Structure formats: structure tokens, C-alpha cells
Amino acid sequence: AFFWLVSLLLSSLIWFIAVKASNPQDERLQKGLLIFGVMFSVLLQEAFRFLYYKLLRKAIEGLVALSEDGCSPISIQQMAYVAGVGFGLMSGAFSMINLLADALGPGTVGIHGDSQLYFLTSAFMTMVLIFLHTFWGILFFHGCEHRRWWEIAAVVIMHLTVSGLSFCNPLYVGSLVPSYLLMVAAAAWAYLLSGGSVQNLRRFLLCKC
């Protein structure tokens, strides 16, 4: 959560400086800066995810050196899951705080004929981002651990895609449906990389030990 907040702080600082140094009356320029800010924030988040992986790798090496049996008490997969959950929960909490701040007013959602589903769709989008960050953490750490840089690139591309889909709003179907499809694909991929199998999933669904 701390690493995600630091990445957000740095990206917000860069965007704030860019906006202040530009012409606020130029709507096209301001929209371009907004797109740049979102893309830059995504890249910075993934950079800090990599830095966090390097830090955890050093921590595991230290734990192995101190342990009596030469084994780490926690695996890199467990750390990847926890790191992903931390990124996701902090991202979701920050999104909900912004939504609750908007809900205080002034104004009423949909008063000018716009969609009244803003808060509902935002909640669904926040949920999918929390899950995606969890799965991305597993995929990203696996890619770093096994030197599969295409897995890291896939995580970055998926993150950029989901963030870019937010510009489809208020066409909420155009952002929610692809995001949930990507979430299902990322979940299946992370499940297989974590050692899961179709047989294990079938046994789980059938409640068989």
C-alpha cells in the first residue's frame, strides 16, 4: 500500500506541474494532459511494483540466511498475492474516497439527462481493479522470478488498457465489459501459474477433498 501511494504521489505531482504550466483554457491540451497523466501513473505503478519485488527478494534472501533449515518461511507466490492485494485495496480505497467526496455535492447525478448509474458503475469498476491488481501481482512476480519479461509486459499492457477504457465513459458498457473480460482472463492465468489445474477446480466446485 505504501509503494502504491508513493507512485500515486509522484504521478500526481508531475500531472499537477504539467497542468499549472499549461494553458487552462485549451480544452484539447487539458484532455491530452489527462490522458498523459493516467498513462504515466500506470507506468509508475508498475515500476514501483518491480521495485517492491526487488525489495521482497532481498528480504527472502535475508530470511533464508537466518533460517536454520535454509528455507524461507514464506514463498514468493504468497508475497506476490499479498503485494497484489495491498495494491488493489489501496487503489480501491482511494477511488471510493474520491467518489464519496463527489457524492457530497454540489449537484445531482443525471440531472442534465446523463446516466444515473455513475456511482454503481464506479463501484463495479473499483471492484474489478482490486481483483486485477491481485492477479497482476501474481503474474508480475512470476514474470520477474522466471525472467519471463513478456509476462511483465502483458501486465503493463492490461493495466494501460483498463485505465484507457475509463475514457469510454459515460459509455459504461464500453469500459466495464472489457475490464471484466480481462479480469477473468487474468484470474485464469494467475490460477494456472500458481499451480492450479482444471482437475483441482472441478474438485473444489464439487466439494471433493
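A Cβ is built for glycine as well, from the same backbone N, Cα and C atoms used for every other residue.
Features reported for this protein in TrEMBL:
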- 1-21: signal peptide (SIGNAL)
- 31-52: transmembrane segment (TRANSMEM)
- 79-97: transmembrane segment (TRANSMEM)
- 117-140: transmembrane segment (TRANSMEM)
- 152-173: transmembrane segment (TRANSMEM)
- 179-198: transmembrane segment (TRANSMEM)
Practice problem: Report, as numbers and ranges, which residues of the same chain sit near the signal peptide (1-21): CB under 8 Å and 6 or more residues beyond its ends. | Solution: 30, 33, 36-37, 40-41, 44-45, 47-49, 51-52, 86-87, 89-91, 94
Quiz item: Under a Cβ pair cut-off of under 8 Å, which of the recorded stretches 31-52, 79-97, 117-140, 179-198 contacts the transmembrane segment (152-173) most often?
Solution: 31-52
Exercise. Residue list, the transmembrane segment (179-198) vs rest of chain: Cβ under 8 Å, 6 or more residues beyond ends.
Key: 77, 125, 128, 131-132, 134-136, 138-139, 142, 158, 161-162, 165
